[in-house]
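Chemist: Below you'll find the structure I mean.
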Amino acid sequence: MFSNLHLPLNPIDKVNQPPVYYLQVQDGLIICSGLCWTTAYILYIRQAYRDKSYGMPLVCLCANIAWEFLFGAAIPESAAQVVSFFPWFVIDIGIVYTTWKFGREQWKHAPLVAQNLGWILLGGIAGMLVMFWAFLKTYDNRYEAGFYLAWTDQIIVSTTSVAQLMSRNNTSGHSWGIWFTRWIGSVFAELIFVWRYWNYPESYPVAATHVTIFLFIVTEVADLTYPFVYASLDKKEKKKLK
């Protein structure tokens, strides 16, 4: 009964008409990635209330909101994108709120930022929306444009999360759960494109470009650096409590 079930076809799959097993593996990876990232976003909000802080760096939060609004609501390419990205957009609004609510304390060393954090968030989101829209209008291949925007956003999330831990010198706003679900979600996302390229290289050349390989490698290096930095800071914090 369920052997032929799969998510609605994306534009490339409509042309290729791949076998059901290909679609189901692809769908499984999409669903796993989506569930992991959804969990990570919820954990960001929970940790914000626990620590009275925020964990997602400002630049990548603004980029996330812009990307998820564009591809989850404004100009989605498929029903699968709406199902995946619009819920993230809704949850991300909660992250924006907790960042605004608790972020001012984190920026008390920079009063100009602390006093204008709401405007900085609004301006950052608006700026990212315009920049992403301009990139999509400039790039002929919308699929590849969306891909590069998504993975540029991803590399920003991964690298700035490590940088934020190091600059704060504490783990406030962060947790092992956030890191693990975010990292595994990214691994599943990478595997989606590996699977697609393995089966249809002529349809997904973007997955094997030098830029893509760079984005994937740097993302993994940053994500695998994070736990070492977090563990070091967590150990110091626990020593202080003794």
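Quick reminder: no glycine exception, Cβ is built from N, Cα and C everywhere.
Copying in the features that Swiss-Prot gives for the protein in this structure:
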CARBOHYD  ASN170  N-linked glycosylation site
TRANSMEM  25-45  transmembrane segment
TRANSMEM  55-75  transmembrane segment
TRANSMEM  80-100  transmembrane segment
TRANSMEM  116-136  transmembrane segment
TRANSMEM  175-195  transmembrane segment
TRANSMEM  211-231  transmembrane segment
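Help me understand the surroundings of these features in the structure.
Modeler: Within the same chain, residues at least 6 positions away in sequence whose Cβ sits under 8 Å from that of ASN170 (N-linked glycosylation site) are LEU233, GLU237.
Under 8 Å from some Cβ of the transmembrane segment (80-100) lie the Cβ atoms of residues 7-8, 10, 30, 34, 37-38, 41-42, 44-45, 48-49, 54, 56, 58, 61, 64-65, 67-69, 71-73, 117-118, 121, 125, all in the same chain and six or more residues away from its ends.
Proximity of distant same-chain residues to the transmembrane segment (175-195), defined by a Cβ-Cβ separation under 8 Å and at least 6 residues beyond the stretch ends, is recorded for 22, 25-26, 29-30, 32-37, 39-40, 43-44, 47, 55, 147, 154, 157-158, 161, 204, 206-207, 212, 216, 219-220, 223-224, 226-227, 230.
Sequence-distant contacts of the transmembrane segment (211-231) (same chain, at least 6 residues past either end, Cβ-Cβ under 8 Å): 147-148, 151-152, 154-155, 158-159, 161-162, 165-166, 171, 174, 176, 179, 182-183, 186-187, 190, 193.
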Chemist: Below 8 angstroms Cβ to Cβ, which residues of this chain, lying six or more residues outside the transmembrane segment (116-136), approach it?
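Modeler: 58-59, 61-63, 65-67, 69-70, 75, 96, 99-100, 103-104, 107, 142, 145-146, 148-149.
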